[in-house]
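J.: First the structure, which I've put down as structure tokens, then a few questions once you've had a look.
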Amino acid sequence: MASLVSPQDQYVTEFNENYETTCWGCGLHVMIPSCATVFKCGWCGAITDQSKKESDQKFFRWRRLRDQCFISVVIIFMLFVLCGGVWAVYPVVFSISFLWGTLHIIITAILAILTFSSFSLAAFRCAGTPPNILWGSYPTVGKGDLENYSFCHYCSKPKSPRAHHCRSCRKCILDMDHHCPFIGNCVGAANHRSFVAFLMSAVLSTTYVAVMATHAGLHVWPPWSFSLESSKGLSGTYLGLRIVGEISAALLTSALRLSARGLVLVYLFISSVSLLIGLSVLLWQQLSYIYQGQTYLSQLSSQGDKEEKKDCQNLVRFFGFQYSLARFLPIFGVTRKKHVKLNNHVL
């Protein structure tokens, strides 16, 4: 190390000598200043961060146990809503008409299949691992083959710019959005669509449960009444408060006479409305990130950087509609091609 002193001896600037190190990506020797902890290889493009050291997986078992508990609770709750809803609602529905009851059984079966299948795909499918790539030696690594790749000290292998290491899953996830304990899995490139489909089907299912629980609850709720004799002589705010108090007391009194079916309906209504609010917010957040062409983690890491292009085509590509409607209309497509060729011939 050497130091440079200004003529006025007021400022001292220190500079470090260069030293030789090895790029993890291609194995070539590079010269960098000793003060540099992060450098990029000029040949393969790999990024080396010498300040990061290999870390142990602390609390990994506790994270996995937490995820397993959450998955068990979610599955038990969904089964309870399905079985309890059928037991509590459908006697009331079939009492109206057999055709009406059959229609609601079909709707219930469709929503249940969609919700359970999308949940299974999101929870038990691999979230998406980065593809294997050659690294470590110069002859096999070409110029720019590891552009902006970094080295994951947890997995001990290259990590692409689109990947993020999850300590709960103990592996790198491609296009990772977040780790969701309720599905016990990361949301990444391979299961992101299934996760959004699960949110959509869950929102539809909770809406349906809330509506049907309200409909059945109105049929099984015990009769109740209230009196406004004690509110005579009151007006304005005091009259409104007295009316609300009388109605609340009458409802609570009648609720004490509810049957087991009625109590299940009340629980289904409260839980479904609560979940509907939370799931709707989460679904809106996910769709907004997809519209922006980002994930939750990429949005956090790109704060202050150039924003991605916001376009509805991001939603179209995400859900797999890669082709325009004209592709599925061959007659229109052939006619249009002939019309273009004819115009070109005339010109």
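Placed from the backbone N, Cα and C atoms, the Cβ positions cover glycine too.
A TrEMBL annotation is a machine prediction, not a hand-curated record.
According to TrEMBL, the domain 'Palmitoyltransferase DHHC' annotation covers 148-300. Look at TrEMBL and you will find 69-90, 96-116, 195-218, 263-284 tagged as transmembrane segment.
Burial and contacts for the listed features, if you can.
T.: Cβ atoms under 8 Å from those of the transmembrane segment (69-90) belong to residues 101, 104-105, 108, 112, 115-116, 119, 123, 181-184, 205, 209, 212-213, 215-216, 261, 264-265, 267-268, 271-272 of the same chain, restricted to positions at least 6 beyond its ends.
Within the chain, the transmembrane segment (96-116) has long-range Cβ neighbours (under 8 A, six or more residues past its boundaries) at 78, 82, 85-86, 89-90, 197-198, 201-202, 204-205, 208, 212.
For the transmembrane segment (195-218), same-chain residues at least 6 beyond its ends with a Cβ under 8 Å from one of its own Cβ atoms are 81, 85, 88-89, 92-93, 104, 107-108, 111-112, 114-115, 118-119, 121-122, 177, 180, 183, 187, 262, 265-266, 268-269, 272-273, 275-276, 279-280, 282-283, 286-287, 290, 318.
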J.: Report, as numbers and ranges, which residues of the same chain sit near the transmembrane segment (263-284): CB under 8 Å and 6 or more residues beyond its ends.
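T.: Contacts of the transmembrane segment (263-284) (Cβ under 8 Å, skipping residues fewer than 6 from its ends): 77, 81, 84-85, 87-89, 196, 199-200, 202-203, 206-207, 209-210, 213-214, 216-217, 220, 255.
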